[in-house]
Each structure stands twice: as C-alpha cells, then as structure tokens.
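Visitor: Mind looking over this structure? Questions follow.
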Amino acid sequence: MAGVPIWSARLCSALLIIFFGCSEARSFGIDYENDTFVLDGKPFRYVSGSIHYSRVPNQYWKDRLTKMFAAGLNAIQVYIPWNIHEPFQGQFDFSGQQDVVAFLRLTHSIGLYVILRPGPYICAEWEFGGFPAWLLKGNNDIQLRSSDPRYIKAVDQWFDVLLSEIAPLLYVNGGPIISVQVENEYGSYFACDYDYLRFLRQKMIDILGNDVVLFTTDGDGVGYLRCGTLEGLYTTIDFGITYDPAQNFNVQRKWEPRGPLVNSEFYTGWLDHWGESHSHTDAAAFAKSLDLLLAYGANVNMYMFEGGTNFGFWNGANMPFAPVPTSYDYDAPLTEAGDITGKYLAISKVISKYYPPPPIPIPPSTPKFAYGKITMNLVSTIPDYLEKYTPGGPIKSKYPINMEEIDHYYGFVMYRHILKDNVSWPTTLDIMGVRDRGYVMINQIPFGIIEREKNTTVNIKGVIGDYLDILVENQGRINYGDNMNDNRKFLSQTKWSIEHTSIVYRTTSCSKEGTSSNGHLL
C-alpha cells in the first residue's frame, strides 16, 4: 500500500513529547477516493495490536508497549472498562492501575498511535462487558445497550467525565488517539436501537469534536452489520484467520463501497473458559494470513497482542454459563507474563516485509524468580471470619436478597438459615437459582457444592438450632449476548422439605481487590 513509512509518520508525534506542537496542523481522516486513511495529509495504514491496561500491572505497561513497538506495530487498540473507573455510582477513579490517561501518554511517548474503544459496552470477556454492576440495583427491568432512559442517564454522566479526560489526547490535539469506536459489535445484540447509537455518536461529537474518526466494529456477516452500523460512523469488521481476504472484505464493502479496508479484531488466539483446555492458534497459519491481509492493503488490529490477567473478580462469563478464568493469555504473541513467543517473532517477520524494522531491538522476556516454598497457615474459617468482621452485622430477611441490592457487587455472600426442625435422615436441598456456585455447610461441616445450570441439589441433615450456611460465589457476570440484562447474583428458588421462615445474610470484608474491608456487604 502506498504511503509514508511508519517511522516518518511518527516523527511529528514523537517530537510533540518535547516541543508540545508541530509547525503544521495535525489531522487524521479518511480519503474515500483513494481507499485509505490520511495522517497529516499523507496516506496512512495502521498495523496494530490490542492490549488492555486493566489486565497488565501498571508497572509493566512500558515493558509490554515497548515490545509491541519493537515487533513493528505502529498503533495499539485499547478498551476502557467503565466498571473499574466508576465502581459506585458517581465515584470516579482514574488513579494508579486505573490511570488510563497515564497509559495513553506512555503509549504516545513510545511512538504508538491509539485506536480507542471507550464503550460504554466493551465485551472483552470482562466482568459484565465493562458495565458497572450498580446499573442493576433497583432496575429489575432495565434494558442495557438501548434507549432506556435509566441506562442513557448513567451513560451520559459517565461519558461527560470520560470523554473530557481523553479529548486532550486526540491526535488533532497533540495526543496519540487517531480514531474512536462507538459502542462495540452492536450488530450482535438483539436491541437494534438506532436511536441509542445516534445518542452515542452525538455525545462523542459534542465533547470530542467533528474532526475525530468515529467507527463501528462488527462481525463479517451481513446480519451483524445491519444493526451495528450508522450513518456518520465508519464501518469496520472483524474476523480470524483467512486465506481469501477479498471474501471477508466484500461484507465491509457492502456498507463502505470506498474507504480503507479494516479488520478491527484479527484474532491471534482465543479465550478460555473454566474446565476447558487452553486455546491455541497455530503461529504459522496466523502469520500466513496476516501476510495476505497486509498484501491486500488492509489495516489490521491483532486481538490480542498481549492478553494479560483478570485480576480480582474482573473476569466475565458466557452462556451457557461458562466463566472466564483468571488467565486471559489468549495464546497471544506476548504471553500473559509478557514473554516473547514464536508467534511474536513470526508476526514481526511478516511486518518487516512491508515496513522498515523498528529502531530498537526486541527486548528480552520478563525475568522470572524462584520464590521458594510458600507456607500457608489457617487463620479462620469463612463463617467464623464473617461472624467477627461483618460491618454492621448481618442482614435479616424472609427471602434471599441479591448482591446488587446490598451494594456488594463481587466476590462472595453467605446466606444462613437456622434449622427449625430435626433432619435425622439425609434430606434433599434443591437450590435451582444459585448464581453462581454455592458451598453448603451445616455448622461449618461441608455437605456439598451446588452450581449454576449443573448440580443444584445436595443432601443435608441436622438438628434444631443448627446453622445451614450457603456461601455463594459470584463467578463473573455475563459479558456477551442477550442474557446480559439477567445478570444479578443471588440464591433463590429453594425447594426443600424443611419449614423455614427467615434467612440471615452475612457480609464479608473481602473487597473488590480481595484483600481488605470496604464496609460493603458480600
């Protein structure tokens, strides 16, 4: 594809770090006549990779970004998860690990452009697709990703804050952000609400201005694009390994007859679920397909280039209910630990066919250490711990209360019932509505485990006055598909032969990071 070399295109951007300005006005746009992006008036193509700052400790941001630059990339693509920045309604956090501005400035200093995906929905196999769980509190019938006024009000307030933070980092303002995605794969969602997309488009224009490239991303099928696109937003598609790029891009051309070809998610690997084998995508096959895409003139973003880790309780889940594990390695070119792989080297070799090599060598993999033997000592049982450290004492209710209603959105909640009758013989306890995994105990003695959509029964026995405790684990909210509106976490629909009239709810001091008390119920 004709155009200036990657490094020449970056020169003005790099000088901005020192001089805070260029002699000529900066611009990024689309040349429809020549089917290309244009950067400062010159043809431009990006070869990009996805990285999630929320999945990489901030101490390693520079290491990972430098390795991406050294591979030959000239851009990164990044999601912004709403829920890590507004954990409670109206309480915003852009510090430390959540300092997305610092991450974007660091990206700029390394010499990479940014393709930003601010949502508000991001999927990403992230908890609730990036939505804060407080959206569900008191809104039993809320329709997410639609024109539902309750949802729109929350998004409007969030975007007022977020977009004001990122506006100074747009390319036209001296920053690294060259384009911004509106929503995310909306054509895969049932709502098909064009008024919602129009609201998001106008909100971004109002705060970011008219001179930023806004785009959408959807699967490479006509059915996806029908509801995922909107006038004024550039249509891009996503797909995995292909040996016939023309066939894939024919779908994009139905909506964008002219303009740059873009694969916004070219899959380097795939996600994992608990209980499944680790996903694997052949490096040689991927490199061959990448070569074909670049030879065809396409702009490519590799999803993921570094997968990272779902720290705390930030993993999502898919349906039928299958939680994503702590690891989000994704079989990416950079491992979860940031190590160089054969896939990384194969990708770098392909890119070097089209652009001069980067001006830095490929950094070494992250050093590893042997920490020796780790000894773990029993500190307390969970029920004893809850007895001692529950802030404000337990909540008593005739029926179970979901986690969202008590402002405890992640982790665990323990439900307690005091037996009113003797149960001398094993009696079946049927918990049809556990969300998502329950540990059943009588006076702290384990009797079994119940799981959502799997085993929901356990036999118990005890005497009057015994404590029946069910410790319920939230294994992650659904991040994709039509079930996202049904994401509350609770214990309900209990069928058993024991007469009961009350449930006692216990809290725990396990915070979102899983360490200290935050004063909220769990």
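Glycine is treated like the rest: Cβ placed from N, Cα and C.
TrEMBL feature annotations, pasted as is:
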SIGNAL    1-25  signal peptide
DOMAIN    36-353  domain 'Glycoside hydrolase 35 catalytic'
ACT_SITE  GLU185  active site, proton donor
ACT_SITE  GLU265  active site, nucleophile
DOMAIN    400-493  domain 'Beta-galactosidase 1-like first all-beta'
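For each listed feature, how buried is it and what is near it?
Guide: Sequence-distant neighbours of GLU185 (active site, proton donor) (same chain, 6+ residues apart, CB-CB distance under 8 A): CYS123, THR217, ASP218, GLY219, TYR224, GLY228, ASP238.
The Cβ neighbour count for GLU265 (active site, nucleophile), using a 10 Å radius and every protein chain shown, is 22.
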Visitor: Give the mean pLDDT for the domain 'Beta-galactosidase 1-like first all-beta' (400-493) on the 0 to 100 scale.
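Guide: Averaging the confidence scores along the domain 'Beta-galactosidase 1-like first all-beta' (400-493) gives 93.
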Visitor: Per DSSP, what is the residue count of the domain 'Beta-galactosidase 1-like first all-beta' (400-493) in each of helix, strand and coil?
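Guide: Reading the DSSP string over the domain 'Beta-galactosidase 1-like first all-beta' (400-493) gives 8 helix, 43 strand, 43 coil.
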